[in-house]
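Chemist: So TrEMBL lists these for the protein:
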- C:12-73: domain 'MrpA C-terminal/MbhD' (DOMAIN)
- C:114-175: domain 'MrpA C-terminal/MbhE' (DOMAIN)
- C:192-314: domain 'Na+/H+ antiporter MnhB subunit-related protein' (DOMAIN)
- C:12-37: transmembrane segment (TRANSMEM)
- C:57-75: transmembrane segment (TRANSMEM)
- C:87-105: transmembrane segment (TRANSMEM)
- C:151-171: transmembrane segment (TRANSMEM)
- C:192-211: transmembrane segment (TRANSMEM)
- C:223-242: transmembrane segment (TRANSMEM)
- C:254-274: transmembrane segment (TRANSMEM)
- C:294-319: transmembrane segment (TRANSMEM)
Amino acid sequence: MSVLFSHYNYWVVIVLMMIGFYIVIAQGNLVKKLIGLNIFQTSVFILYISAGKVSGGTAPILADGITLYSNPLPHVLILTAIVVGIATTALGLSLIIRIRDTYGSVEEQDVRAAEGNRKQESC
Amino acid sequence: MSPLEIISAVLLAIGSFLVLSGAIGLLRFPDVYSRMHAAGITDTLGAVAILLGLMFLAGWTLVLAKLIMILLFLLLTGPTASHTLGKAAWKSGLQPLTDGREPAGDSGKGAE
Amino acid sequence: MELLLDISLLSMLVATAIGIAVSRDLLAAVMLSSIYGLLSANFFVTMDAVDVAFTEASVGAGISPLLMFATLAIVGRFERYPHQRALPALLLVVLTGAMLILATLDIPAFGDPNAPAQTHVAPRFINESGTEIGIPNMVTSVLASYRGFDTFGEVTVVFAAVVGVLALLGSSLPAAGRKLPDTLLQASNHRILRIVSKILVAPIMLFALYVQFHGDYGPGGGFQAGVIFAAAIIIYTMLFGLEAAMKVINVTVLRVLAAFGVLLYGSVGLVAMLNGKNFLDYDALAADPVHGQHYGIIVIELGVGITVAAVMMLIYFAFAGRLIDRSHKS
């Protein structure tokens, strides 16, 4: 029981990570894959932030009369990672738009089929 | 408990009840419009009661000013969001569930 | 009590993620991912990470779904095929998950003050930043000063990403002379929505400036402020049309600003070098090292804010321009 209470959020992180992983490998729509990657990414954020929490601590902003603070380092790493994450997501989305322009579809299967046709024609 | 704390506790309890009833309504009501009615209570009256309760706890501090600004922001955005949602639902052709009688006004249009 | 809050927030996160995985309507999936962002922001608040929560609320629940909606408007709303290889994928996922959960048993207990993560550099930041940097918000101290070089890298990555987006979609950026159809992206018959947003746009911008310059004392900083400022402009563009937005915003100037923020950040480092200290060592910026730190942090946060705001707007305009191109073709 004590293991449950001391580790439950790491397990939730893994469940979320696996849901994101499942979406990426099992679903063919490229936009959906990107949403799955975002879920995966957020689960890593939760892992870092959970590791920085100190029981009974407060937010790492200096104030009178407070001695115990949570760890500020993971907060810094994740804060910048979130903004970099949205920038790379935007890059992924614009790649998807270009794929749609080229192949007329954003489904992995259609793109593969079109690519196969193209190879046969060139042979 | 000081009188201020009692007032605040009552307001917080009212707010929590309204939010809970809104959530139940969102799950139980039959069509989009009545569900929106339930959700609307949550983000106007429920949130207002909770924020007022917090204001009584905050006293004359900077926190009070921030809570007032949050309140104003919520009162502007919440009803606007409900209005836009209702309009979108009506435009996409969703008819409100009625008991079959023809209402007095000129409704019945809008559905394709 | 806190435990109860954590557990309920985390279970709502899992439920939302499952909802996203099951839904074949991408519009619903994007809506759910916005809720997912908001829930994780709430979770970050309970974990004391207020700065992170702030960023996640503005990015995960705000800008990110917006860009996905713009993409869906171009590529279509529904998934065409059922899930492929669902069973093997599920097996693989469950197996990997089980092994990872076994591995977590070696991680120190959650919230343990003696865990290795808490005992190495963190005490230095917590105990010394007040006297060395002299500002209350430790996250800003670490972000802008102790790890200033790392943050410089992150800002460069954000800049590089927008270069990539413009290389892929840039031809459709709305230029000054191009005539744009004003009916598109313009909710002309939503009078209430337009009036309310018109009232709100200016306070949102003001709030962005507050977040930018108050980041030393409370939660906030350049990253959050940039995203919030861009959000105000994006709301305006969505409701009043690109043409109205182009009257106040010049895309070329935005491109220059995106680069200018990074250069401003880097030049602070160069000034420190010219004064005989290391790159980005703000002690060199004033006679009193604590003042120097403060000047350095204000300037580089400004650089971060300018770059992030310009990048977010450029990305949105690139997507919106692509939407308009499509409506011209069809």
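Including glycine, each Cβ sits where the backbone N, Cα and C put it.
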Chemist: Please work out which recorded stretch in C:57-75, C:87-105, C:151-171, C:192-211, C:254-274 has the most C-beta pairs separated by under 8 angstroms from the transmembrane segment (C:12-37)?
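Modeler: If we count Cβ pairs closer than 8 Å to the transmembrane segment (C:12-37), C:57-75 scores highest.
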Chemist: Within the same chain, where does the transmembrane segment (C:57-75) have neighbours whose Cβ lies under 8 angstroms from its own Cβ atoms, ignoring anything closer than 6 residues to its ends? I mean 6 or more beyond.
Modeler: 26-27, 30-31, 33-38, 40-41, 224, 227-228, 230-231, 234, 312, 315-316, 319-320, 322-323, 326
Chemist: Could you tell me whether the transmembrane segment (C:87-105) and the transmembrane segment (C:294-319) are in contact, taking contact to mean 3+ Cβ pairs under 8 Å with a sequence separation of 6 or more?
Modeler: no
Chemist: At a C-beta cut-off of under 8 Å, are there same-chain residues at least 6 beyond the transmembrane segment (C:223-242) that contact it? List them, or none.
Modeler: 51, 54-55, 58-59, 62-63, 66, 174, 180, 182-187, 190, 193-194, 197, 200-201, 204-205, 207-209, 211-212, 215, 249, 304-313, 316-317, 320-321, 324
